[in-house]
Amino acid sequence: QDFSKAMSQAGSSQFQEVIRQELEYSMKVELDKILATAHSNEIEHTKKDLEGFKKLFHRFLQEKGPSVDWGKIQRPPEDSIQPYEKIKARGLPDNIASVLNKLVVVKLNGGLGTSMGCKGPKSLIGVRNENTFLDLTVQQIEHLNKSYNTDVPLVLMNSFNTDDDTKKILQKYSHSRVKIYTFNQSRYPRINKETLLPIAKDVSYSGENTECWYPPGHGDIYASFYNSGLLDNLIAEGKEYIFVSNIDNLGATVDLYILNHLMNPPNGKRCEFVMEVTNKTRADVKGGTLTQYENKLRLVEIAQVPKAHVDEFKSVSKFKIFNTNNLWIALSAIKRLQEKNAIDMEIIVNPKTLDGGLNVIQLETAVGAAIKSFENSLGINVPRSRFLPVKTTSDLLLVMSNLYSLNAGSLTMSEKREFPTVPLVKLGSSFTKVQDYLRRFESIPDMLELDHLTVSGDVTFGKNVSLKGTVIIIANHGDRIDIPAGALLENKIVSGNLRILDH
């Protein structure tokens, strides 16, 4: 019986192998057809993109089930995640300018503003006093370069979705004291979920073909940075580290203490990869966390966790930190690993439904997942203020408000706020799109003493409104609530037709 069971298992694995080979062959045929439609000036980079995609697809067919063995996950050793205070306590050397001159700032700029109802790159949405994410980034680096008389360049990783619009806008910074470079991340074909074949028939990606292609997540930075030639150019200029972050994380400014720790390590041994992590709150239970796995630091994302252990993964007591996606990486290490094809990142399978109802999948990777491929990696537990992402208009309300003051492109929490935590803000679906959100606030309310705000339904705010404590405003279907100018709402529930009730 055992023999026949073993035989049938062998048979089924052989059968699976045959299916895998057939799928890979069919994929290759389709990709060759797509490549054949490329113009002579597109062939080179299209070929590189499709080669990269083929490798990812091959791995996707090989791997089954969650990519981590839960039993092997351990808490990271004490010294592998350093508290920021300890790193800051070392102070700064006199020659901080020479350390800064070894740095390149890289911003991930591949995303569109669609989730906030905007067309075009997300980085061009106005965030504060008419300044966009990109404006604030340039102002920060320019301030750094002027203050220390340095030459820190800005590199934008664009996607085919954001490249044209971003390049048009870059002309406005031609007189700023920041060199700006761009490179494009790869363009991969979306796969039909049923047939596992690409839905694209040719290389074009305009008009109705835009839905056939996607940028494969920020893990693509290593290959596309290397392939662009920019990596080699920056190494030749004497640059040694990149600081990578999402362009919509307004807390991700250049930190001189972390940079100094990298360049002048206390034990003399340099880190090739530093991940900034911060303490989880209830709002962050889905964030990726750093663990010890097979004697290496490893980023574990919720998608990799076996279903039975998801609640344990979300527990704030067991996994206390999450990845901010602020990363410091040695350029020479990227080059070495890329040339050896030794950067190993888990595949994220991202299912999507297109406008016409077709189900597709996108194969993606995450930049932080490569931490296990680098030598001497380190986590640094940074203050929450270094993680200030703007994903929704609820986040936008916070950064536009008097909770923050703006100085040389950097937002800092107002000293007038008595406690350092950010209020919890939940704006309902009437506020999802930026233009609707802006229409509903005549001016941004005073939120210095706010703990919690929930707004639902058709609500507008007059000028100079103050919100304190916990404020809940709910306009039922068909009702409208206009908060009058100058109103002070402190621990109030407002519902129905603007009756203000204490609670």
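One is the number of the first residue shown, and numbering goes on along the chain from there.
Even glycines carry a Cβ here, placed using N, Cα and C.
Note that TrEMBL annotation is computational and uncurated.
Over in TrEMBL, the protein carries these features:
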type    : residues                               : note
BINDING : Lys122, Gln185, Gly217, Asp248, Lys391 : UTP binding site
BINDING : His218                                 : substrate binding site
Once the chains shown are all counted, how many other Cβ atoms turn up within 10 Å of the Cβ of Gly217 (UTP binding site)? 23
Around the Cβ of Gln185 (UTP binding site), other Cβ atoms found within 10 Å total 28
Note: in the chain of Lys391 (UTP binding site), residues six or more apart in sequence with C-beta under 8 angstroms of its C-beta are Ser115, Asp248
Proximal but sequence-remote residues of the same chain as the residue listed as 'substrate binding site' (Cβ under 8 Å, at least 6 apart): Leu108, Gly110, Met157, Gln185, Asn246, Asn325, Thr365, Ala366, Val367
Other C-beta atoms that fall within 10 angstroms of the C-beta of Asp248 (UTP binding site): 22
Neighbouring C-beta atoms (10 Å sphere around the C-beta of Lys122 (UTP binding site)): 24
